[in-house]
Structures are given as C-alpha cells and as structure tokens.
Amino acid sequence: MTTIVSVRRNNQVVIAGDGQVSLGNTVMKGNARKVRRLYHNKVLAGFAGGTADAFTLFERFEAKLEMHQGHLLKSAVELAKDWRTDKMLRKLEAMLVVADTEASLIITGNGDVVQPEHDLIAIGSGGNYAQAAALALLQNTELSAQEIADKSLTIAGDICVFTNQFKTIEQLDY
C-alpha cells in the first residue's frame, strides 16, 4: 500500500506521497511516483492502491478533466459514476486524491466523492498516521502546507511498514 496526504493552507495546496510499492509483504520498488500533475499542471492527483489500477484511473480522470475544461468537481463526479457502474472499472482497487486551487477531493470506487474537513486528506495504509500528524501540525504550528505534508509523511513512514521515506511532493499556489 502507500500513504498519500493532501494539505491546504495559506493559498497553497499540496499532495504528497511516499514511493513504496509492495507485493504482499515484499517491497518491489521504493521510488515510485504516486503523485502527478494533470490538466496543464492545474490539478494535482495522488493514488493509493494497485499501481496499474491507479494509472487506469489517472487516464480516465484526465480525460474527464479535458472533457469538462478542468472543472474538478464535475470531473470527479463523472469518474466516480463510471467507476461505480462500469463492470471493468468496478474491479479496480485504488483511491484517488485530487486537488486544484478551489477544492480537494477523495474519489473512491464505491462512487464516493468526498471533500474533507480541515482541508486535510490522508489515504492508504499510513493514512491515519499521516492525518493525525498533519492535523496536529495544522492546529498547533504555522508551518506551510508543504512542510506539514512532508512531516506527516515522515511520521507515517516511521510507523507504517508499507510506507517509506521516498517522497514526491507537488504544490499549487493560488
């Protein structure tokens, strides 16, 4: 599995992820990029779950963004509808975190599109650890969104055996 965290603070949104790819209890790769920029670098996206499944979803989501001229919520809802109703897509096991300058969302295969509380999202095997760390940092420090995402991933990686310390961090300023 993996850990993906998204933090929004002070006109900055960040999505960060670790790089570990596991097959069962074996680490297959330690430097995977699970966070990407989409739609002319205006949308950030990260995934947790099956790598091949996530790439399929990235492609579908990017097509939805193109179709809806970069409108994040409409694209997310359309992807979630397809994911829930299409027999092939329904078998995909991944979750997406997406963000632009307006919103941050979680998209699941159950057809859920969720906008989080506290401008904070964390998914994957280390998601609960990263979320707790990020929430504490949001409430008790003046750190930037990028610093909070970085530190919360470090903490998750220290606790979760399916999360490592190789990080990909993408940021949008607005």
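The backbone N, Cα and C atoms fix where each Cβ goes, glycine too.
Swiss-Prot has this to say about the protein:
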- T2: active site (ACT_SITE)
- G157, C160, T163: Na(+) binding site (BINDING)
**Request:** Quick one: pull the CA-CA distance for T163 (Na(+) binding site) versus T2 (active site), whole Å only.
**Result:** 5
**Prompt:** Looking at Cβ-Cβ distances, which residues of the chain lie under 8 angstroms from G157 (Na(+) binding site) while being 6 or more apart from it?
**Reply:** T3, D18, G126, T163, N164, Q165
**Asked** To the nearest whole angstrom, what is the C-alpha distance linking T2 (active site) and C160 (Na(+) binding site)?
**Response** 9
**Asked** Using DSSP, would you call T163 (Na(+) binding site) helix, strand or coil?
**Response** coil
**Complete:** Cβ neighbour count (10 Å, all chains) around T163 (Na(+) binding site) is 29
**Fewest other C-beta atoms within 10 angstroms, as judged across T2, C160, which are the recorded positions** = C160
**Prompt:** Can you list, in sequence order, the residues of the same chain other than G157, C160, T163 whose CB lies within 8 Å of the CB centroid of the Na(+) site?
**Reply:** T3, D18, Q20, S125, G126, Y129, A130, L153, A156, D158, I159, V161, F162, N164, Q165
**Request:** Provide the three-state secondary structure of the residue listed as 'active site' computed with DSSP.
**Result:** coil
